[in-house]
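> Take a look at the following structure, please.
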Amino acid sequence: MKPLVAIVGRPNVGKSTLFNRLVGRRIALVQDEPGVTRDRHYADAEWEGRQFTFIDTGGFVPGDEDQLLQQVREQAQLAVDECDVIVFVTDARAGLTAADEAVANYLRKSGKPVVLAANKLDNTSGQMQALAGEFYRLGLGDVQALSAEHGLGMQELFDSVVARLPPKEEGEDAEAPPDDGIIRLAIIGRPNVGKSTLVNAILKEKRVVASDVAGTTRDPVDSELTYKDRKLLLTDTAGIRRKKSIAQRVEQFSVVAALKVMERSDVAVLLMDATEPAVDQDAKLAGLAEERGRALVIVVNKWDLVGADQRRQETYRESLKHSLKFVGYAPILFTSALTGSKVEKVVDVATELADQFRFRAPTPQLNRLLDHMVDNHPAPIVRGKPLRMYYIAQVAAAPPTFTITVNHPDGVPDMYKRYITNQLRKTFDLRVPIRLIFKGRPGQAKREARKRPQRQGKR
């Protein structure tokens, strides 16, 4: 998988501003709705031929100075445990603080590659550069002076990050897991929802340590089995190495753990706790599967603790569909990993989704469907002309990806995109992510450029 780069630092040093600047767009909030949110704190980047993923570790709970120090230390510890390179952000205007020194001390002892960034330097004058000088005392090497707000020093920061990445691994940049006949399932979820118990129930043996203490799974655990003549690989996502000083941030970094195994999996099995409603963390993990283009099955565990009443189950299902409507295509199952109830159903559905994940449709059938879609629901008017759909073809699987040739590739309304996606789902019974790419006909851009009136210069 792609290397992970954590952005750490105390509050108000500009971590989120730097994160948005580095990934080139503002993505702190990707869904503005009440209730469950999908705050996204990770994004892919590429520099000098290397792809990697930035993690923004923001989100502190207000408290006194002692609590703040504790939270900053926890943040640094979790970043060291989970990530390959750490960008330690400080505020050059405010100068060194006790929190900065506490984090630096821990990072220095860890031996993890660190880029020390002195933020909020809004120009390159000697006086401003001097403000960053005191941070050399932290013993973390060169200080990268920058201004996240104004975009100064970004190229140098990228260079520093890439220089500290681990050696590139074979298949590191692959967008899809290997197509070798093995179905790869990532068991993801918040701490203490029963991930290890589910794996043990599927394996019918106690191979993974299961405990009521959140964060007892220390590393991703791969387990192989043969199920109905199919080879499966189950990965129980890593929990957090539980240390006495880590108390508050286990949930946040379960996203990082899921990120680590998602890219080498076909299907994400999102485990939830039946005794609790869906929370932000569940939405983040579901959103991660959608954004990474992985098949997703939502499994509500511990159903034995709330009763098997069918009406209650349907009420919970409808609540989930509302909370997680951005993955409305994903099946929702109810199980008890502890008792083994409906565990085989989870594997059956996950196996079906893995096949759909690699589905390929015949081109003639696709184009007959396209004609049918346009006949039933004519394309809208774009820039004063009808939107014309000429041709559709599948260009990739894992997930199914289709290109549609049109006369206005950048003018297709979102509503019509959803219509096409839903028709593809209905026709081919696809309950996995679908990607659509709209493109113009060959030479279309040149023809349109020739049609544009030429501006006349002054005579």
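Backbone N, Cα and C atoms are what each Cβ position is placed from, and that goes for glycine too.
Pasting the relevant annotations from Swiss-Prot:
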type	residues	note
DOMAIN	3-169	domain 'EngA-type G 1'
BINDING	9-16, 56-60, 119-122	GTP 1 binding site
DOMAIN	183-358	domain 'EngA-type G 2'
BINDING	189-196, 236-240, 301-304	GTP 2 binding site
DOMAIN	359-442	domain 'KH-like'
> Express the distance between the Cα positions of Lys15 (GTP 1 binding site) and Asn192 (GTP 2 binding site) as a whole number of Å.
29
> From the Cα of Lys195 (GTP 2 binding site) across to the Cα of Leu121 (GTP 1 binding site), what is the distance in angstrom?
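Lys195 (GTP 2 binding site) has its Cα 45 Å from the Cα of Leu121 (GTP 1 binding site).
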> Across the domain 'KH-like' (359-442), what are the DSSP residue counts per state (helix, strand, coil)?
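Its residues divide into 29 helix, 23 strand, 32 coil.
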> Validating a neighbour-count step here. Other CB atoms within 10 A of the CB of Gly189 (GTP 2 binding site): how many?
26
> Relative to the Cβ of Asn12 (GTP 1 binding site), which residues of the same chain, six or more apart in sequence, are found under 8 Å away?
Asp91
> Mean pLDDT over the domain 'EngA-type G 2' (183-358): what is the value?
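Here the mean pLDDT over the domain 'EngA-type G 2' (183-358) amounts to 83.
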> Whole-number answer please: how many Å between the C-alpha atoms of Lys195 (GTP 2 binding site) and Thr57 (GTP 1 binding site)?
24
> Sorry to bug you, but what's the C-alpha spacing from Gly189 (GTP 2 binding site) to Thr57 (GTP 1 binding site), rounded to the closest Å?
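Distance between the two Cα atoms comes out at 18 Å.
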> Please report the number of other Cβ atoms within 10 Å of the Cβ of Thr57 (GTP 1 binding site).
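Result for Thr57 (GTP 1 binding site): 27 neighbouring Cβ atoms inside 10 Å.
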> Taking the Cβ of each of the binding-site residues and counting other Cβ atoms inside 10 Å, which one has the highest number: Asn192, Thr237?
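Per the Cβ count within 10 Å, the most buried is Thr237.
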> By a 10 A CB contact count over all chains shown, which of the binding-site residues listed here is most packed: Lys15, Lys195?
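Most Cβ neighbours within 10 Å: Lys195.
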> Could you tally the C-beta atoms, other than its own, that fall within 10 angstroms of the C-beta of Gly9 (GTP 1 binding site)?
25
> Could you round the CA separation between Gly9 (GTP 1 binding site) and Asn192 (GTP 2 binding site) to a whole angstrom and send it over?
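About 28 Å separates the two Cα atoms.
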> Going by DSSP, is Gly189 (GTP 2 binding site) sitting in a helix, a strand, or coil?
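DSSP call for Gly189 (GTP 2 binding site): strand.
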